[in-house]
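J.: Dropping a structure here in structure tokens format, bear with me for questions.
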Amino acid sequence: MSVPLILTILAGAATFIGAFLGVLGQKPSNRLLAFSLGFAAGIMLLISLMEMLPAALAAEGMSPVLGYGMFIFGLLGYFGLDRMLPHAHPQDLMQKSVQPLPKSIKRTAILLTLGISLHNFPEGIATFVTASSNLELGFGIALAVALHNIPEGLAVAGPVYAATGSKRTAILWAGISGLAEILGGVLAWLILGSMISPVVMAAIMAAVAGIMVALSVDELMPLAKEIDPNNNPSYGVLCGMSVMGFSLVLLQTAGIG
């Protein structure tokens, strides 16, 4: 099994961490969840804009028009899919001040699971493609994806457990969204494999960079602010950028990057 595929599987499996937290009743503080989402956004933004897009543009045979065009395509593609998907977000379930009826919770959780699954599928592809092109960047993307998968698993498992009283059912529903990400990585592994030219890989990387930027500014940062409105998610973003940037410098200094 390839290392990029293993990274994708581990990132998707992080959903189960949130699921177990949801059924065990040990919910992390909103401040910690918000910081982790901002941290993940910072990692994604720095890797996308400072590493992935420049690397794609520098690839042999890649034209600036194609490179920037694929980046814009990734941005617009994300926003297009976001408008088409069911608009239930983790904060819709994590911040209920009045406890809804069990059936209402279950229905909302199912819609949320569907939306997150469709949203996670291309993330699995993105993680695999990035790690296949550059393993160093793949580690960073996998870490960022794993960090924001934890509150997603928590957001689904908690309400389903409240509605059904079954820990197994709650973990199952939460795990579906994580499995969708793993499925995306497996399909990318089966379809792409080694039969892809450097230009095509660079074009895909540019599109993935656009998707990651859109995900960070449209989903992760607003979600962090909604989960913890009393604190600025920018602190998490800055920390994520700083840690990722410092680690990249260390790797490059050591001759690994």
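Placed from the backbone N, Cα and C atoms, the Cβ positions cover glycine too.
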J.: Pick from GLU60, GLU181: which one does Swiss-Prot list with ASN120, GLU123, ASN149, GLU152 for the same Fe(2+) site?
T.: GLU181
J.: What stretch, picked from 33-53, 61-81, 137-157, 171-191, 195-215, has the most CB pairs under 8 A with the transmembrane segment (5-25)?
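T.: Stretch with the highest Cβ contact count: 137-157.
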J.: List, by number or range, the same-chain residues at least 6 past the transmembrane segment (61-81) whose CB is under 8 A from its CB atoms?
T.: 53, 118-119, 122, 198-199, 202-204, 206-215, 218
J.: Using a Cβ cut-off under 8 Å, which residues of the same chain at least 6 positions beyond either end of the transmembrane segment (33-53) come close to it?
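T.: The answer is 67, 71, 94, 130, 134, 137, 140-141, 143-145, 147-148, 150-151, 154, 205-206, 208-210, 212-213, 215-217, 220-221, 223-225, 227-228, 231, 233-245, 248.
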